[in-house]
């Protein structure tokens, strides 16, 4: 089947590209698994340009493939732990790694020459970029055609009724035999008993028809049966509540209308209208918030900071692997505060692991190298290295030296100001810098002495490890001197902190302690956080690396709310949603009432004040598209989807409402279900759309979700992308909703 988009653009527009041709031809690469397991395998890009194939010695000669969509990134050189461990430094320019999304292991590879590596990496990067660029409409068609090809089992470019049924199952829709026969007959205009050429296109059109889009388009297409620029402007004003001009409407037509003759008349066809709705202008998430749009010149403690707990762990807290890869993944998700548990290691080299457990160890210097390499790829704003120091003086000294040597001028080693500061510098002033959080021998304004080490009280997440009898540790001066704006101190109550704590002295709170303060002394906690930083961490009892609810902590202005990034969870969904706006910078400016000195705000008692901005949120869940099958092995497995809309914010605003489930249709289920939410503090509210597969015998299964702050929501008819449990976009899948946020 030679299948193209209705715009006649081929799926991959890299034809003739030398790197693409190189991938299509393929070549031998050495797959590296250990110092003894290094085997040559033939790799090539399949003709569909979306799948990589490689030979395998698995039983029955089973061919091995993986989708380009599954690749997170391609890294040139000995960047992975495996390649660093199992290859020599002189082989650097022959090495590269394919990093997958989720928990799949990296593919570590060696080519025969540096030139080949360049072509593999460059070619794969182009294909990955190209796949991402395919807009949702193109991706959708591209996916449909791919499934059609798979269903054409005898490769005769035709489909009989049996192949059609198989195809319907593949795209997650179940129809009874009589309906399948009707659909088939309707498309088989040549009465040949098979579908071919234009009949397949007709079949595709029937399959992708969106009734709800017809209704909206029909209401506004008053210019010769099409939407003129004035009609589109009416739609943008009346439905989308956008402050735009006729010129903006014309620009949208020029950008999205695939039919040239319509475009010349400044008309938008239904295809163009659907294309627009499926782009970022039609997304529920405000595209203006995809860039840094907040004031980044406020003191650092005026921001929520995306933060990770025990960043080195890839799994549970007791026996999982410690890995530099876990740091890379967190930093690439724009995490701006990572944790390093440092212990004495063999050969005088400090290591990082979860003390008194069976978790594996990783060298401190390797972690610092990985952090330096990946800290500022997603966000240019500062990264805080939270040190939990259990090392002896000699290894502490080495820690300080490693950080100075590896991080260089990016490491903050003195206050930015010429004189003793009275408050934090801003994220803007600290761009590209590393800030060390840890213990310090003395006050920041002290003229430092030259004593090699002094005993200080150990500040650690003491409940997380086995009891340590001696709570005093010696602290090396070189390491101590690197602690500038984040000196760890014990918390002894808000009054004591107000009277005695300097702005740069910060405390860490176990989740249970923080939750109790947020419940019983929220306003005092808020005022504490107006001048100081607070870090919250999970209870030691969470040995499975589960997470606590971060929302009550944000409600009291806590900045560094550290979560287990490696654990897919509702809490991580909310964290990803909280930090989605502001250019994925990892910093979100707190609302005024969490920053201004006289604020009487308390999220629990909620008295009158400027934070009370009552809003009514109307949500109509209209439909979903192309929800993934959950059990791909069972050919007859089709989802029964339902949608839940959840609000997380101050206690009085928390709410959850759900649709009914629809039997056996993940392809185009329709609900048209209306919900209303009455909100009091919209500035702190988060919205989460959750899609589940209904199961009457047990818990519903997760299909996908999308979370975001209410303040980034767009009004009108909007598409909602859906993410996997690990936060990756599910290609083609989405919800279609109507949103109105009103004053009561």
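Each residue, glycine too, has its Cβ placed from N, Cα and C.
Around residue 190 (O-linked glycosylation site), the same-chain residues at least 6 positions away in sequence with a Cβ under 8 Å from its Cβ are 196, 199. The O-linked glycosylation site annotation in TrEMBL covers 190.
Around residue 310 (Ca(2+) 3 binding site), the same-chain residues six or more apart in sequence whose CB sits under 8 Å from its CB are 317, 339, 341, 354, 545, 564, listed in sequence order. Annotation comment: TrEMBL describes 310, 339, 341, 388 as Ca(2+) 3 binding site.
Positions annotated as domain 'PI-PLC Y-box' by TrEMBL: 479-595.
According to TrEMBL, the feature domain 'C2' maps to 598-724.
Residue environment of residue 664 (Ca(2+) 4 binding site) contains 16 other Cβ atoms, counted within 10 Å of its Cβ in all protein chains. Residues annotated as Ca(2+) 4 binding site in TrEMBL: 638, 640, 664.
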Residue pair residue 664 (Ca(2+) 4 binding site), residue 388 (Ca(2+) 3 binding site) - Cα distance, angstrom, rounded: 51
Same chain, 6+ residues apart, C-beta under 8 Å of the C-beta of residue 640 (Ca(2+) 4 binding site), given in sequence order: 661, 662, 663, 664, 693, 694, 695
Euclidean distance between Cα atoms of residue 638 (Ca(2+) 4 binding site) and residue 388 (Ca(2+) 3 binding site), Å: 48
